[in-house]
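**Q** Mind looking over this structure? Questions follow.
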Amino acid sequence: MNTTQVILFAVVLVLTVTVGQADEDSAETSLLRKLEEAEASMFGQYLEESKNSPEQRCAGENVPCDKDRPGDCCSRYECLKPTGYGWWYASYYCYKKKSG
């Protein structure tokens, strides 16, 4: 009789611990989901637009470009043949537009 009680107690203990951990995991998951939904509603559209904008994807200055495709360089840059240290390269590069 005593052995049966010990085994029953052990089974109940294991089930209690297992179910308790499952509840904690689901609570963390639901909290994470709520936080992600709140973040998406507050910042999601703005962040997605700003990350995907052409200016944010802009590689910047001294990046190879194709002179026949004006969209290779960002709006602040223009596709020019290199001068000075880069004259031996065959391709064009994005340089800052000259003011004036």
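One is the number of the first residue shown, and numbering goes on along the chain from there.
Backbone N, Cα and C define each Cβ position, glycine as well.
From Swiss-Prot, here are the annotated features:
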| type | residues | note |
| --- | --- | --- |
| DISULFID | CYS58-CYS74 | disulfide bond |
| DISULFID | CYS65-CYS79 | disulfide bond |
| DISULFID | CYS73-CYS94 | disulfide bond |
| MOD_RES | SER99 | serine amide |
| SIGNAL | 1-22 | signal peptide |
**Q** Including all protein chains shown, what's the count of other C-beta atoms within 10 A of the C-beta of SER99 (serine amide)?
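**A** Step by step: centre on the Cβ of SER99 (serine amide), count other Cβ atoms within 10 Å, giving 4.
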**Q** List the Cα distance (Å, whole number) between CYS73 (disulfide bond) and CYS79 (disulfide bond).
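**A** If we compare the Cα positions of CYS73 (disulfide bond) and CYS79 (disulfide bond), the gap is 6 Å.
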**Q** Using a 10 Å cut-off on Cβ-Cβ distances across all protein chains shown, tell me which of the disulfide-bonded residues (CYS73, CYS74, CYS94) has the largest neighbour count.
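**A** Of the disulfide-bonded residues CYS73, CYS74, CYS94, the highest Cβ count within 10 Å belongs to CYS73.
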**Q** Using CYS74 (disulfide bond) as the reference point, find which of the recorded positions CYS65, CYS94, SER99 has the shortest Cα-to-Cα distance to it.
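**A** That would be CYS94, the closest of CYS65, CYS94, SER99 to CYS74 (disulfide bond).
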**Q** Any idea what the Cα distance is from CYS65 (disulfide bond) over to CYS94 (disulfide bond), rounded to a whole Å?
**A** 6
**Q** Measuring Cα to Cα, how many angstrom lie between CYS79 (disulfide bond) and CYS94 (disulfide bond)?
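**A** With distance taken Cα to Cα, CYS94 (disulfide bond) is 5 Å from CYS79 (disulfide bond).
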**Q** In DSSP terms, helix, strand or coil for CYS73 (disulfide bond)?
**A** coil
**Q** Among all protein chains shown, how many Cβ atoms are found within 10 Å of the Cβ of CYS65 (disulfide bond), not counting that one?
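**A** CYS65 (disulfide bond): 20 neighbouring Cβ atoms within 10 Å.
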**Q** Take the Cβ of CYS79 (disulfide bond) and count every other Cβ within 10 Å, whichever protein chain it belongs to.
**A** 20
